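Novice: The active site feature in TrEMBL is assigned to Asp104, Asp275. Positions annotated as domain 'Peptidase A1' by TrEMBL: 86-390. Per TrEMBL, the feature signal peptide maps to 1-16.
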Amino acid sequence: MFLAAFLLGLPVLAVSSPEPVHVQLSRRAGRWPSSPSEYLAAADFVRSRYGYGRPANATTTSKRMKQRRGSAQSLPFVNQAGDSSYFGTVSLGTPPQSFNVILDTGSSDLWVVDSACQDCSRETPIFNTAQSSTFKQAGTQDVSISYGSGEVIGQLGTETVSMGSFSVAQQGFLSGNQVSEGLLSGTVSGIMGLAFGAISSTGAVPFWQTLVSKEEPGGSFILGGTNSSLFQGDIEFLDLESPSGTSTFWLLPVTDVALSNQSISIAKGNLAAIDTGTTLIGGPTADVQAIYAAIPGSTPSPTMQGYFEFPCSSNVQISMSFGGKLWPISAADINLGSGSTSEMCIGGIFDLTLGSDVSGSGTPAWVVGDTFLKNVYSVFRVNPSQIGFAELSAIAGSSGAPQNGVDDNAVNGSGRVAASVSALLVALVPALVAYIL
């Protein structure tokens with residue numbers, strides 16, 4: 001399933017040239033959980049990011065950061081990148097300085113570390129604001145953005161930000177001078193949030209939404225398109241849910257979960273955040289219990305809160321629907337490896353809510369991460385607000401054709417997205433994602 005190349009498609013900004021220009025994406029080595037303790041921490045981080053409580057085993061904040069916190073303005077909790085795995089390149093400043101940033105649909109803020117960062121690894125590229133003629137500081141007070149696995153502290157500013165052929169002047173961002181241990185690794189210098197501006201902690205309009213707002217009447221602003229070689233059949237588009245009337249996360253209702261194509265009784269209408277920054281799948285307590293009750297021999301993990309185990313010899317074929325087709329998940333992605341014994345394996349779907357009742361609140365009861373997204377070609381579209389899924393092509397590692405489900409709000413689209421649709425394409429292999437704005 002794992003391929004070496006990841007593509008960020010950014011076509012030329014021109015109505016007459018809709019073909020995408022592909023820019024390399026990479027996968028962070030060593031950041032995927034691989035042990036029971038890491039999977040337990042990953043679940044806690046997701047609970048923290050979506051408001052289910054700060055994890056008891058969160059990364060310890062450095063002494064220097066504790067000393068500075070008294071003067072820092074705490075911004076609302078947003079997200080964390082401890083289990084994010086894919087990054088692309090952005091440029092900041094004049095002349096441009098290039099950085100790898102995590103691409104995360106579960107947050108909305110842009111930040112990179114700067115030359116004042118004393119906690120940063122020597123191999124982490126840093127932004128030198130003094131070498132840019134277009135950098136402007138937006139305040140002198142330190143601010144912090146908290147994540148499930150730590151926090152970043154810095155100052156707000158504006159700068160020219162570019163990705164591929166596209167550039168935004170005076171883009172708001174956080175210039176980070178302190179970062180919790182483990183929040184970044186290797187050559188990654190920050191995070192670019194791809195969720196909606198309503199959940200931005202810094203108050204800045206996200207980079208991609210600024211690009212969309214540049215569209216003028218009478219024209220068509222195109223940032224991308226789909227790569228038809230990476231999927232087969234039609235893209236099934238489903239309407240985005242916005243419980244508060246304002247778009248926040250990329251939300252869809254979970255309408256069906258099936259084991260070997262046999263539906264499991266779950267609550268209807270619970271919302272799922274489709275999150276590229278999350279490794280696993282988390283769901284509400286009753287639904288997760290129902291899923292594992294349908295798997296012979298499964299049992300709650302005796303050592304990992306919220307997790308279940310099943311016999312390693314089982315071929316667990318889970319599929320999910322969000323109002324349309326049932327999309328299969330590879331058994332290899334559901335099986336996380338040995339748990340409490342060598343005969344019992346950890347399941348890739350965990351109890352997110354731990355008994356909390358979030359019905360009617362608009363808070364996602366499900367978080368659907370790469371365990372699912374690795375198995376589909378995904379499209380995020382702003383106008384109209386939809387998420388689409390398609391079966392992966394053979395070269396992208398198809399896990400099987402989807403099954404017909406209850407089609408409540410699906411809109412079957414052609415594999416080719418019309419040139420009149422504004423679009424930003426991110427193709428992650430094996431988690432294949434296209435952002436169509």
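From the backbone N, Cα and C atoms, a Cβ is placed for every residue, glycine too.
A description of the local structural setting of each listed feature is requested, covering burial, neighbours and distances.
Specialist: Neighbour list (Asp275 (active site), Cβ cut-off 8 Å, at least 6 residues apart, same chain): Asp104, Thr105, Gly106, Phe249, Trp250, Val367, Val368, Gly369.
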Novice: Tally every other Cβ atom lying within 10 Å of the Cβ atom of Asp104 (active site).
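Specialist: A count of 24.
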Novice: Where does Asp104 (active site) sit in the DSSP three-state scheme?
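Specialist: Going by the DSSP assignment, Asp104 (active site) falls within a strand, counted as strand.
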